[in-house]
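Accompanying notes for the structure given below.
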Amino acid sequence: MTKKVLLLPGDGIGIEIVAEAVKVLQALRNDYGLAVETETALVGGAAIDATGGPLPEETLQLAREADAVLLGAVGGPKWEPLDISIRPEKGLLGLRAGLGLFANLRPALLYPQLASASTLRPEVVAGLDIMIVRELTGGIYFGQPRGIRTLENGERQGFNTLVYSESEVERIGRAAFDIAMKRNKRVCSVDKANVLECTELWREVMIRVAKDYPEVELSHMYVDNAAMQLVRAPKQFDVMVTTNMFGDILSDEASMLTGSIGMLPSASLDADGKGMYEPIHGSAPDIAGQGVANPLATILSVAMMLRYSLGEEALAARIERAVSRVLDQGLRTADIHTEGTTRVGTARMGDAVVAALAD
Ligand code: NAD
Ligand code: IPM
Ligand code: MN
């Protein structure tokens, strides 16, 4: 049966990189038998400009009906003056919450060809393969109460709430352990249990969940240490599981181990495998419209979509092989360019991946 994929390019480089990912999807449809149809809708700043809000009801409805969603990025300086409750980023958060996408998988995998593109020494990152499992629909991002209030003395006070229920921790814990079972069977739970009660409970629940996975080794690390260990000796990690905000920060940090934030894809999954797929980076206003953004994180997000939501493992592997081939050919966008390689723009990189699908 033909699967439905909803495309949400969004803002800034989102439009440029999704265009390249669509070339790959179309090539898989035309030449490799992928039964897929796409539809495009508005989210983020583009939706604000067209409809007044960052997540039109129609977009959410189309996302619910689709088998999978591919998102570019949202946000940009144009919409920063708006109230935080109606900014582009709220569109993305609304999709995650509205679709129940609580499990965010962010694989930091170093393609060996890019060992010298990382800002860390090649021997520190060579062979790197970490899976960051980020809780995505709870924590301080969604906790109530939140806001800015005026105190009696006239001073304003900003406040947000870090909150996790046991069931929320348990389901992200299970997601992480299930993944670890298919990998090297090690889970490191990252928290701040020495200071925050919320993550003290998080740790307790992780220990409980671990009892159902006797083959998996669970360790715990405070987030400040984890941030340091990621650049000191990143290969010590297999699966890292953490809260919404810690996962946001640590995954940007981990992306640099792979050469560039433009290399890191993600899958955001619900309890039944329905998913939204996006690069972990943003709309990159500093390079938007120049045709220089790296489309590989988005193309690799398509591979994750084929693997996790469309049941097309062989085609997912085909995309990943094609990306590797293109790196073998020495093609590099500016963010991963090093001496002796060929610098190409966004579209040329996308075309090269399409051509390499045949290899
Ligand atoms: P960003 O990820 O957009 O950019 C950070 C830096 O990385 C910039 O220098 C940018 O040029 C570079 N970069 C990012 N993606 C790249 C790519 N594919 N190729 C080459 N270079 C790339 O983060 P930011 O600047 O903090 O945020 C910009 C806007 O994006 C903000 O409005 C923010 O809220 C939004 N944002 C959206 C998402 C999302 O939609 N998932 C994620 C992060 C940030
Ligand atoms: C990401 C982004 C988002 C987040 C923002 C844009 C809401 O940084 O996907 O990592 O913080 O989750
Ligand atoms: Mn982020």
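Backbone N, Cα and C define each Cβ position, glycine as well.
As annotated by TrEMBL, domain 'Isopropylmalate dehydrogenase-like' applies to 4-353.
Summarising the annotation, TrEMBL assigns NAD(+) binding site to 76-89, 282-294. Annotation for Ile84 (NAD(+) binding site): spatial neighbours Lys90, criterion Cβ-Cβ under 8 Å with sequence separation of six or more. In the three-state DSSP classification, Ile84 (NAD(+) binding site) falls within a helix.
When secondary structure is read from DSSP and collapsed to three states, Asp224 (substrate binding site) falls in the helix class. The substrate binding site feature in TrEMBL is assigned to Arg96, Arg106, Arg134, Asp224.
Residue environment of Tyr141 (site 'Important for catalysis') contains 18 other Cβ atoms, counted within 10 Å of its Cβ in all protein chains. For Tyr141 (among others), the entry in TrEMBL reads site 'Important for catalysis'.
All protein chains shown were included, and the count of other CB atoms within 10 Å of the CB of Lys192 (site 'Important for catalysis') stands at 19. The feature site 'Important for catalysis' is assigned by TrEMBL to Lys192 (among others).
Cβ neighbours of Asp252 (Mg(2+) binding site) (same chain, under 8 Å, six or more residues apart in sequence): Ile261, Ile280, His281. According to TrEMBL, the Mg(2+) binding site annotation covers Asp224, Asp248, Asp252.
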Original post:
When you measure from each Cβ to the nearest atom of ligand 2, which of the binding-site residues Ile84, Asp248, Ala284 fall under 6 angstroms?
Top reply: Asp248
**OP:** Mind running the binding-site residues Gly76, Pro88, Asp224, Asp248 against ligand 3 and keeping the ones whose CB falls under 6 Å of it?
**Re:** Asp248
Subject >> Spatial neighbours of Val292 (NAD(+) binding site) that are distant in sequence (at least 6 apart) but have CB under 8 A >> reply: Thr333, Ala334, Gly345, Thr346
**OP:** Provide the number of Cβ atoms within 10 Å of the Cβ of Glu80 (NAD(+) binding site), excluding the reference atom itself.
**Re:** 12
